[in-house]
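Swiss-Prot lists Val157, Glu178, Cys207 with the feature adenosylcob(III)alamin binding site.
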Amino acid sequence: MTKPTPTIHSLRDLRRLTPARVGLGRSGASVPTKALLDFTLDHARARDAVHASFDGAALTGELSALGLAVHEVRSRVRGRHDYLVRPDLGRQLDPESRDRLAGIGGPGGDLVLVIGDGLSPGAVHARAAAVVGRLLKRLTEAGIAVGPAVVANGARVALGDEIGALLGARMVAVLIGERPGLSSPASLGAYLTYAPRPGLTDAERNCVSNIHPAGLSEDEAAFKIGWLIREALARRLSGVALKDDSMLEAATAARELSAPG
């Protein structure tokens with residue numbers, strides 16, 4: 001899980017390692033035409049990502065194929081404009097969805113997975129099922145009982161707290177499309193909360209972000225998410241009280257494997 005640190009001697013070396021805007025150059029008092037056109041294109045891609053459609057039924061099928069029991073819900077949002085201007089509604093289940101989950105009852109296991117559209121539905125369709133598949137293998141090896149998965153339309157991160165509480169889960173993991181950036185319009189994020197309940201703050205969650213081809217790979221993301229879930233359940237806490245030392249553990253394991261004898 002560890003990668004060698006690349007050697008950087010110039011801005012050209014740095015530009016090969018990141019899609020960020022580095023060393024653009026200039027043309028008179030402005031940037032070169034190509035840099036301006038690239039910026040305009042990336043801005044358009046980010047806007048398109050926010051307004052992309054979400055196919056909950058297709059995602060439900062992918063998750064069901066992984067052996068999960070899947071429930072579809074929606075927030076109180078009633079359209080994409082509503083979602084953007086009323087983030088509070090994206091944190092609350094609509095009454096019908098709430099009643100349906102409450103009717104399921106019973107313990108939700110150690111973990112409930114919530115997969116929501118967020119601000120980049122395309123990222124969810126491109127990567128969520130692959131991350132979940134890799135994550136399930138790690139959770140099974142760790143003896144962690146995974147409850148049902150919930151596919152949420154019009155979701156903000158905190159919607160997972162209400163879902164986790166209704167299903168009686170010890171912990172909730174929310175996989176959601178992140179706010180598109182100019183270099184990453186399809187990035188997935190994971191938010192992990194121990195003892196979920198409505199009213200929690202961001203300080204009580206752990207986040208694994210930038211899951212996309214130029215950021216964290218699906219394997220790396222599953223490793224980090226699995227480590228945080230395991231430690232959160234063992235220590236009975238999450239958020240600022242839980243430091244992500246997953247890479248330290250990976251480095252230690254790598255050294256042990258490479259040691260002679």
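Start at 1 and count along the chain as shown; that gives each residue its number.
A Cβ is built for glycine as well, from the same backbone N, Cα and C atoms used for every other residue.
Feature map: annotations from Swiss-Prot on the structure.
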residue	record	DSSP class
Val157	adenosylcob(III)alamin binding site	coil
Glu178	adenosylcob(III)alamin binding site	coil
Cys207	adenosylcob(III)alamin binding site	strand
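In the structure shown, across all protein chains, Val157 is the one of the binding-site residues Val157, Cys207 with the greatest number of other Cβ atoms within 10 Å. Contacts of Glu178 (adenosylcob(III)alamin binding site) defined by a Cβ separation under 8 A and a same-chain sequence distance of 6+ are given as Gly118, Leu119, Ser120, Ala123, Ser184, Ser187, Leu188, Gly189, Ser209, Asn210, in order along the sequence. Take Val157, Glu178, Cys207, the residues named in the record as contacts for adenosylcob(III)alamin: the widest Cα to Cα gap among them comes to 11 Å. Same-chain residues with CB within 8 A of the center of the Val157, Glu178, Cys207 CB atoms, the adenosylcob(III)alamin site residues themselves not counted, are Gly118, Val174, Ile176, Gly189, Ala190, Tyr191, Ser209.
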